[in-house]
Amino acid sequence: MEVKRLKVTELRSELQRRGLDSRGLKVDLAQRLQEALDAEMLEDEAGGGGAGPGGACKAEPRPVAASGGGPGGDEEEDEEEEEEDEEALLEDEDEEPPPAQALGQAAQPPPEPPEAAAMEAAAEPDASEKPAEATAGSGGVNGGEEQGLGKREEDEPEERSGDETPGSEVPGDKAAEEQGDDQDSEKSKPAGSDGERRGVKRQRDEKDEHGRAYYEFREEAYHSRSKSPLPPEEEAKDEEEDQTLVNLDTYTSDLHFQVSKDRYGGQPLFSEKFPTLWSGARSTYGVTKGKVCFEAKVTQNLPMKEGCTEVSLLRVGWSVDFSRPQLGEDEFSYGFDGRGLKAENGQFEEFGQTFGENDVIGCFANFETEEVELSFSKNGEDLGVAFWISKDSLADRALLPHVLCKNCVVELNFGQKEEPFFPPPEEFVFIHAVPVEERVRTAVPPKTIEECEVILMVGLPGSGKTQWALKYAKENPEKRYNVLGAETVLNQMRMKGLEEPEMDPKSRDLLVQQASQCLSKLVQIASRTKRNFILDQCNVYNSGQRRKLLLFKTFSRKVVVVVPNEEDWKKRLELRKEVEGDDVPESIMLEMKANFSLPEKCDYMDEVTYGELEKEEAQPIVTKYKEEARKLLPPSEKRTNRRNNRNKRNRQNRSRGQGYVGGQRRGYDNRAYGQQYWGQPGNRGGYRNFYDRYRGDYDRFYGRDYEYNRYRDYYRQYNRDWQSYYYHHPQDRDRYYRNYYGYQGYR
């Protein structure tokens, strides 16, 4: 096993198999594994060659790529190893230490082959993390999420390459992972007499909470090794549809809501991966008068992973255009929840009955009374009026059918069916039967994806990116921007109800982690959807900016940089901490500062603007942040080792490439090096004196002539035996000649 050629994930897998600590940077892991292999070798020799704990785990040597002689290959190698260190750092912060074993007992290797273990470790970088346990079942009207989350869902890794693009920026000085029991109490040390820098230790918080910025940084590191993003899938061509039909609107629906082909139903796209995620859609038409109804049926509860405590729920009702996608959690948004609750503007009250799989809910809107009345029915049974809406406050806004579901499949009847699930009350008509001129159509999506635009936010945590994005989207309603950010996804993952008990730290941390993972998938879906988007993330790394914007190849791509002055930024960070209850880890903040650079207009950035301070004012602040962070981040010893190894490799390449000049081999004495290396008086003796010192011993042992007569009789006897064998076994001789002499070799 060549330890130096193993990747971080492979090193971790081998260490875990032996019950050893798998935390640390690559150089530490390699040293730890090499010591374990040496110990096993000594045990084998002492015990007569018995197999040790790692005896059966001989990894196949990985092919060594030809090292380029130019600077580009060196930069890519640096970036690859630095990114492995970055991933190792992030994994260490989440990794639980292995269970302590009895003294003197060896760890039992798993039954699976080492190749499979290495592949599994490489495919799942977070495999060492332990899932959070759910603390309670699904009892109560608020479902199972209020007491705790289900099993942890690991993000499906994408195929990644081992190197980064030359144009991307990778952290220059990575902090070394500190080991030992005293890591929580030891603090940064000031520079001593030898001039060493003050270091900020990377360590796991005792609260096991990280916050949005940490997991956003983690996702960025997870995807940062792709040379270039996969090209977006070709969008299916829209067939000519009857624009007078009432069906689900794919332009305003959630990206993670999978609308059926006939657009009269749908289901969540990530129900198995993210079971806490709500998703839904509105209809293409709304109404402002008359007595109108529609039906919604829960056709199926989607299966969930074993141990998941989440429940399947449907919320159905009415909402106005431009309201939030979470039905019942915004003004002029009214929903009836499967837990027997009604919701309006985020306020929940008990109403009607609970409902679930195979139940049909009728939704009725009566505009002919003094106030607009919204009522519901279950399987044809009237449940009464749930909401009364003032016509003055509603004004001329139209009410649109709206569904929101979690882990279930919903089917809608707007009147397109020949027969309804249940007959509606007298004088009520399905919305599809309302004349087209009396309906209100929602916005029509762009005809081509070239008409769409994407805005990439760039800035440190707490700089005000989200506020800028929400304000800009509100000021430009005709664009209908979809703001994709961790906070947006978190709102769609939180369960609201009559009571909202606080989640335990582990469950809250897991929810934030899942939101970051879900956001990465939504960005990929957005790149092939005809809408306008604002990517509300930090995006301080050039590699992350490039990777995301290249996904939106046919969009109009803009970048907005938000850099406030230092005083405002500190105030916003404090306010962010008060509102969200978490702080940005210092090590993550330093990494972001050290690698924050202002983007420039290029082939994948059509426009770069500044949301607060202009570039001339922002540049000195960013430069100051970089310098301060790099002073606090400890230097990486690994970087120095790599540079020395690279110089050694370059010397070897030069000697191979310049070994022959003019058809004659150049000797050591002809090398273009200083005379001090070739044994001049007063110097170290050099290579030539060292070589001559042992030349005599070499010649005495290896320089002897071969004595043929001494071994002639020995070989002659074996030759007779083989001839006799082939004489009595001609079939073997023929097979031997065919296999050996029949092969013609390379031509």
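Cβ coordinates are placed from backbone N, Cα and C, and glycine is handled just like the others.
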Where does Swiss-Prot put omega-N-methylarginine, among ARG494, ARG557, ARG710, ARG738?
ARG738
Across the domain 'SAP' (3-37), what is the average pLDDT of the model, as a whole number?
84
Residue counts (helix, strand, coil, in that order) that DSSP gives for the domain 'SAP' (3-37):
25 helix, 0 strand, 10 coil
